[in-house]
Amino acid sequence: MIKDITIGQYLPGDSFIHKLDPRVKILLAFLYIILIFLINNFYGYLVVIAFTLLVVMLAKIPIKYLFNGIKGVIWLIIFTAVLNATLTPGKVIFKLFNLIPFTDKGIDLALFMSMRLILLIVGTSVLTLTTSPISLTDGIERLLNPFKKIGVPAHELAMMMTIALRFIPTLLDETDKIMKAQMARGADFDSGGIIKKAKNLIPVLVPLFISAFRRADELALAMEARCYRGGENRTRMKQLKTDKRDYIAIAAFIAFSIICIISRRWR
Amino acid sequence: MPVKVENLTYVYMPNTPFEKKALDNINLEIKDGEFVGLIGHTGSGKSTLIQQLNGLLKPTFGKVYIDDISITDKGISLKSIRQKVGIVFQYPEHQLFEETVYKDIAFGPTNLGLTNEEIEKRVKRAMDFVGLDYETYKDRSPFELSGGQKRRVAIAGVLAMEPKVLILDEPTAGLDPKGRDEVLKQIKRMHKEYKMTIIMVTHSMDEVAQLADRLIVLDKGKIVIEGSPREVFNQIDTLEKIGLSVPQVKYLAKKLKEKGFNINEDIITLEEAKREILRLFKERKI
Ligand SMILES: Nc1ncnc2c1ncn2[C@@H]1O[C@H](COP(=O)(O)OP(=O)(O)OP(=O)(O)O)[C@@H](O)[C@H]1O
Ligand SMILES: [Mg+2]
């Protein structure tokens, strides 16, 4: 049940995209998001969709995983689309229940916003699906390194993220176990109103917090026992390297960006 | 027949790269008042199997019957099934959450919608079952008890539902010898004095040799051996091949036999070993 959550899931593989340097992937994903919001017409989106599909195919990600990611936020997308379509001033095209006006500009905007959100989710999903959490945080740490001089604790941030990511599956597992144990004692998590449902969660949350703190304690001890002392003078077993593959990816992305920017003029 | 399992197959995360067949065509019947030991190597599917028996996991194929009712049928209240089949999970003390021992044990009966008097009666009975004195412990916080005591509170929490069938997943794991003996003693008492049907998952061959009427051996999701402990433990080779062992005394008897002693190799408990060895001594008139 709780296993259906796929946020931040990693799909092991050895495709071209999987093998890219995480720093390159993070930067390109970041630029990709900016590009999505620069596009202002239909043709531009065709280009982005084509490019995205190409990357998805290169990464050999089953489409199902992307749908799952979108399914999780489908209500958010519908909600923003409806708000956009009804609240944007413009020519009223029709009225739902003779009351709620849908405007032409509003519908345009709604379509664009939904498109952007979906592409945003797909793009970031590709990043997390093809990059293991460890290399992801590794990449973030290295990207933040230059900001260390102005006091950004890059290593500590990255370590916190690694640990948090590392504990997501453990805690989900634990939640599953505790829920089952309480269900075996007749607990019911599905029925009742919101208040009752929230109250029903207490038998899960209390043991979950206790176990999270216990685990945190144990982890801190284990790290200390192995002489962990933060970022100073720390070397790594696996050095991040950019190679030919990464330059190809960067070049392809630059070409893609140029087409995107030119597409702003197509009308 | 309190428990019957037919052609049960269970697959975790079907249709994903992580797909895993944890149970493969299991057939099983458990009689009233029977004590069944479920053994198998790590990952053989023991915990998965017991979760099928009260509807926490739904079979991918096959059927589970509790008191001749197929529990996956429409309109069957899972709550009533869970009242009949109580499961004590591995490390059950990790699921304690209430401020007092009383409230925690009362959680199950409260969910069943019983009256306050009935709940109090059941909590008292459950605490007596596991050997915790009601007056001494009822107002203590479960979190300040010792490991063995915590575990007994957790077991009492399931017993207070007054299930017909009690399932225990490694009830002695992680306890010190004293805690282990206490918990085993209580389980034995529930079986002997209160005629409960018990299914116990364990890694300790000595425990099941002592307690179980019948053993079920799982390997890679399949039942490979089934029978009385004496029959099962005679198949040393098969057991060792799937990463299990036999009770310590069995190895002792084998060694003694090799040394030329005329010992009965069919012993499985410490008690029997004692008798055999004393008999040998007497025969040799040492
Ligand atoms: N929630 C889950 N999701 C996916 N696979 C699982 C899950 N739980 C168990 N498995 C897999 O199913 C198989 C059987 O697991 P199960 O927990 O039933 O074994 P077990 O016999 O209880 O082992 P142990 O003695 O270690 O408790 C294992 O290979 C395990 O990896
Ligand atoms: Mg198990």
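First residue shown is number 1, and so on along the chain.
Every residue gets a Cβ built from N, Cα and C, even glycine.
Now, the feature entries from TrEMBL:
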type	residues	note
TRANSMEM	A:26-59	transmembrane segment
TRANSMEM	A:65-88	transmembrane segment
TRANSMEM	A:109-130	transmembrane segment
TRANSMEM	A:247-266	transmembrane segment
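Pairs of Cβ atoms less than 8 Å apart link the transmembrane segment (A:65-88) most often to A:109-130, out of A:26-59, A:109-130, A:247-266. Contact between the transmembrane segment (A:109-130) and the transmembrane segment (A:26-59) is supported by 3 or more Cβ pairs under 8 Å, counting only residues 6 or more apart in sequence. Counting only same-chain residues 6+ beyond the ends of the transmembrane segment (A:26-59), those with a CB under 8 A from a CB of the stretch are 13, 15-18, 66, 112, 115-116, 119-120, 122-124, 126-127, 129-130, 136, 139-140, 143, 249-250, 253, 256-257, 259-261, 263-264, 266-267.
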